[in-house]
Every structure is written in structure tokens, then in C-alpha cells.
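Okay, so here's the structure we're looking at.
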Amino acid sequence: MSRTPALMLQGTGSDVGKSVLVAGLCRLFADQGLRVRPFKPQNMSNNAAVAAIPGSDEWGEIGRAQWLQALACRVPPTVHMNPVLLKPQSETGSQIVVQGRVAGAARGRDYQRLKPALLARVLESFEHVCADADLVIVEGAGSPAEINLRAGDIANMGFATAARVPVLLVGDIDRGGVIASLVGTHAILPPEDRAPIAGFLVNKFRGDVSLFDEGLAAVTRFTGWPSFGVVPWLAGAARLPAEDSVALERLSRQPARAGDVVVAVPRLERIANFDDLDPLLHHPGVTVVFVAPGERLPERADLVLIPGSKSTIADLLALRRNGWDRDLAAHHARGGRVLGLCGGYQMLGRRIRDPEGADGEIREAEGLGLLDVETVMAGEKTVRPVAARSPEGDPIEAYEIHMGATDGPDRARPLALIDGRPEGATSADGSVAGTYLHGLFTADRWRAHFLANLGLTDAGSRYGDGVEAALDEIAADLARTLDTPAMLRLARTR
């Protein structure tokens, strides 16, 4: 096993800010001239990104957070940066992606039995990442204190002990109870799992940090762990793509601003790649309203956007149960615009057929009928980056991750062209469109033209520049508030 310096951030729970901290540290150490690489052994997310499969001309899937962390390192992402990706398909089961490729599906208890074999693949990928790095920043998942999941663990202490990587524990003070979270984690871990933990840091602090000096001392007194710093509330984090559906809970409560173009997005049960909406969230003059189950689509919406889904037919049925099909029909009758992305595109057609059960147990469903197309879920999964152009000539750098093929008369009016071939579909009256392209709204010129058709004159700024600036800002905040020289020394003890 290589001895490349490495450091792992684990959390006292989910959504404590590990992903953003790893991204910030990647940018910070990359700016110091180090070849930094991110690594997450196991991620659970339907927000996937396309990454290269080294040694081939193929492409695979990784978690969107690791894609962002690679961007922070200023390197192209590879599938080895996130060797195991779990994509939830139901309340109890997930699709399993191993080193970028779909390896099957399993329910929770069945997945536990697969973990020993998966650890070998995780360690193999870690070696790949280490071979090209001066420093690897590793992100854990959830919390190491979930002792009911410790047997066969590959995400936290199971990986840290197998790869001999030192750990820092992250606590979130914003949610309250950070002292209890840190000390409680220490108390519940067995001695062999405490051993890799070299210290802790506190995240999301607001106000005068000196007021928490006694709190830091208390954690050290109870655990013996030193503090590596207190991270303030990072304003730049709000300008980064959201990683998981926890963020949607906050966004669902945001009201529409007067005078804005309003984009209504039904929050599907198995929503996927909702970071497609991030450029709209940060575009001046646009309000994105995520509509929670049980709520009505707002009548004043200018655009209803149906996002991607990990289980298209199941989410289509859930959409109907919520009455959103009726709201959508009324919106369309009023002259409102509709856009479907990936699974949302498939839902807008006349029918979806799934003869092989690739999408789930239901083999056929009637679509919403707003596009004259039909979809068949069959064949290999399409995973690839795409360089496209709109019919008007706007460049679009995007990606595809989907099962199935869609065809029908409305395909004669494509949303984009890929090497001259049509992609997507538009209704005869131009009010409804759909596409398989993810990342569409990151194309600045295309986004500006699309929003102009909704009545918005502000072309906005370059979205990618905003993400880069946010990463730089976060790195500067971490350099100011964390003992990063000590963190680097710790990584080199491996």
C-alpha cells in the first residue's frame, strides 16, 4: 500500500459540511502547489456526475460532490475518486455503481453482505488516486458512530483503519449540541475506532469565536482530542452546487420574489441531479420554487420544470398522486412554459415502456402527454459528456446519464444538436420542451436566451466563474481559521 500523505474528514452526522470542507481544503492545498486529489469511499446520492474511467475511452458515474472537489483541485475527475456510489431507487433499495459502472441493485441488508468484496475495490481505487497525488483529502459518509453499520464498514472507520489514514472529526455547531455530538461520538466508538481520530474541528460557527473557547476546552477534556480550529459560517458555500436532498428542505421554504421570473420545480420523491437548477438559483431576477409533496404548483409560475428522477415511472405516478398533473395541465392551458430534464423529459411524453424492468417493477405507464414522444427503457445506460449546440448556435457543455431512448414527431424540433444530430424535443407550439442533457443551465449564453424567452432581460454572469470564486473564498476562510499546517503534518504521518 502506498504511503501518500492523506487525511480523512468524518462527521458527527450527515450534512455537517464535510463535502464543502474537503472542497475548500483541496483548493487551499492545490494553491500551495501540491497535487491534491479528493476521495470518498462510498457516497449515497442521486446527484451524479460523469467522470473518466482510466485506461479506457469510457465514462462512468461518481457523486457530484467529488466532481466539485476535483474541480477544486483543478484536475479532471475520475471514477476512482468515488469508487462506490449508491443511487437510491426506493425507501429500501439502491442501484450500486462500482468504479463508475452499474454493478446491480440491492436492499439494505443484502448490501451489508456485499461490503467485504467492495472494500477491496475501494482500496484499489484509493491506490489509483494516491499514485497521482502529493496529498489525498478523504471524505467520510454520515457518522462513524452508527455502530449498527460498523460491521463491514467501507465508508468511515472501516476504510480509515484498512488504509491507515488519520481522521479529523467534524461537528456542526449551527444545528446545536456540538459538544454532545463530539463527546458522544468519542464515548460510543470502540477503542480501535477512536485510535485513528487525531483531533476535531467545529464547523458553521456564527459570531465571536472566542465565546466558544470554553467549549473547545471541554471537548478536549472529555476526549483528549485537540482542536484544529473553528470554521465560520461559509457564505461561499451557498454558491456551490448542493450535494444532496437535505438542501431541498431549505429551498422548498423560499417564497417567490415580486417581479422575478418564477420557476416551479415539483420535488419528486426520487429527484436526481437537482444541481441542474443551481445556475437558475443564482441568476438575478429568477426565483426557483421547489414545491413539496402535498402542495400546489404556484399559479404565477412562468416555467414549470420537471427535474430528473432515479425511478421515472414511480415518480410519474407520485406526481399524479400529488395532483401536479392537473396543476401542470392548467399551467399549460394558461400559456405557461414547461421543460423536462432527463426523467422529466420522459414523463412529458405520451407513454413510457420498461419491458425489462430497468426502471422498477412497473413495466408501462401513460405519460403526461405534453410532448408527442414515447420512451422505451432498454439497452445500455448512457453515460457521457456532451458538447452540443442549440439550434440558434449557442454552445452547450453538458452530460448525459440515463436509461432508455425517446422518439416521436416532436423530436423534429430538437432542443440541441450533438454533432449535427437532434437531441430533445419541442412541442409544435413551442411551449413544452424536453432533453436528456444535464448541466444545460451552466451554458451561459443558452441560459440567457432561454430566460429572455420568459421575459427576463438580465443575462446574468458567468456561472462557472461564480463557482470558482466561491471555492477561492472558502479556501481563504479555511486558511484563516484552521491549523492547516498541522493538518498537513498529520497527513504526512500516514
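Any Cβ shown, glycine's included, is placed from N, Cα and C.
Worth saying up front: this structure is predicted, and the values here are computed from it rather than measured.
Listed in sequence order, Ala272, Asn273, Pro307, Gly308, Ser309, Ile401, His402, Thr435, Tyr436, His438 are the same-chain residues six or more apart from Cys342 (active site, nucleophile) with CB atoms under 8 A from its CB. What TrEMBL lists as active site, nucleophile is Cys342.
Over all protein chains present, the Cβ of His438 (active site) has 26 other Cβ atoms lying within 10 Å. According to TrEMBL, the feature active site maps to His438.
Annotation comment: TrEMBL describes 8-244 as domain 'CobQ/CobB/MinD/ParA nucleotide binding'.
The feature domain 'CobB/CobQ-like glutamine amidotransferase' is assigned by TrEMBL to 263-445. The average pLDDT for the domain 'CobB/CobQ-like glutamine amidotransferase' (263-445) in the predicted structure is 95.
For the recorded site, Cys342 (active site, nucleophile), the DSSP three-state label reads coil.
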